[in-house]
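Quick look at what TrEMBL lists:
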type	residues	note
ACT_SITE	His95	active site, proton donor
BINDING	Arg43, Met76, Arg77, Ile78, Leu79, Asn93	(6R)-10-formyltetrahydrofolate binding site
DOMAIN	9-168	domain 'Formyl transferase N-terminal'
SITE	Asp131	site 'Raises pKa of active site His'
Amino acid sequence: MVRLLDSMTGDHPARACVVLSNNPKAGGLERAEERGVPTEIVRHQPFGTDTSGFEHAILGALAEHKPDIICLAGFMRILTAEFVDRWRGRMLNVHPSLLPKYKGLHTHARAIAAGDTAHGCTVHEVTPILDDGPILGQARVPVRPDDTKDTLAARVLVQEHILYPMVLRRFANGDRTPVFLND
């Protein structure tokens, strides 16, 4: 998230209007405030299983800031089809695998367990189906023989920090052509 904020300067076509988190301890909130970007916290716990109520609260928080694009980064909640459809074509997510492989969680451990020789990250448009939207970019890293899920995750994260800002810039300019990077 910080890399996205830091990338939106100069001639970048997008500007951050708010950083919203469901985790009040998220490090990105403080970093956003340091950069003069407003922050909002919408905790999911008070809503229990009322996903609709949680999403309504998110929409209320976003309404004040009027974003054109939503960039999910570290947001580990599954959004309903109704919420996603409201932002269709305007919501991005970064996922730690080379989609369509390894949708969902524990992607690094799954890649190692499968004996994959390459792994990476994907930036995609969000659709109602989890981790299934159009791919806008991927960055590939080798899986090394001595990798653990943590060492692999660290290398993938470096690529996320390069790829996501690059894709956002293109997306904000109206360019949906996928970009592919190799480590």
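Cβ from N, Cα, C; glycine included.
Listed in sequence order, the residues of the same chain lying 6 or more apart from Met76 ((6R)-10-formyltetrahydrofolate binding site) and placing their CB within less than 8 Å of its CB: none are present.
Within 10 Å of the C-beta of His95 (active site, proton donor) there are 22 other C-beta atoms, taking all protein chains into account. Note: Ile78 ((6R)-10-formyltetrahydrofolate binding site) has non-local neighbours Leu130, i.e. same-chain residues 6+ apart with C-beta under 8 A of its own C-beta.
Distance from the CA of Arg77 ((6R)-10-formyltetrahydrofolate binding site) to the CA of the residue listed as 'active site, proton donor' is 13 Å. Every protein chain shown contributes to the tally, and the Cβ of Asn93 ((6R)-10-formyltetrahydrofolate binding site) ends up with 22 other Cβ atoms within 10 Å. Per the record's binding annotation for (6R)-10-formyltetrahydrofolate, residues Arg43, Met76, Arg77, Ile78, Leu79, Asn93 show a top Cα-Cα distance of 20 Å.
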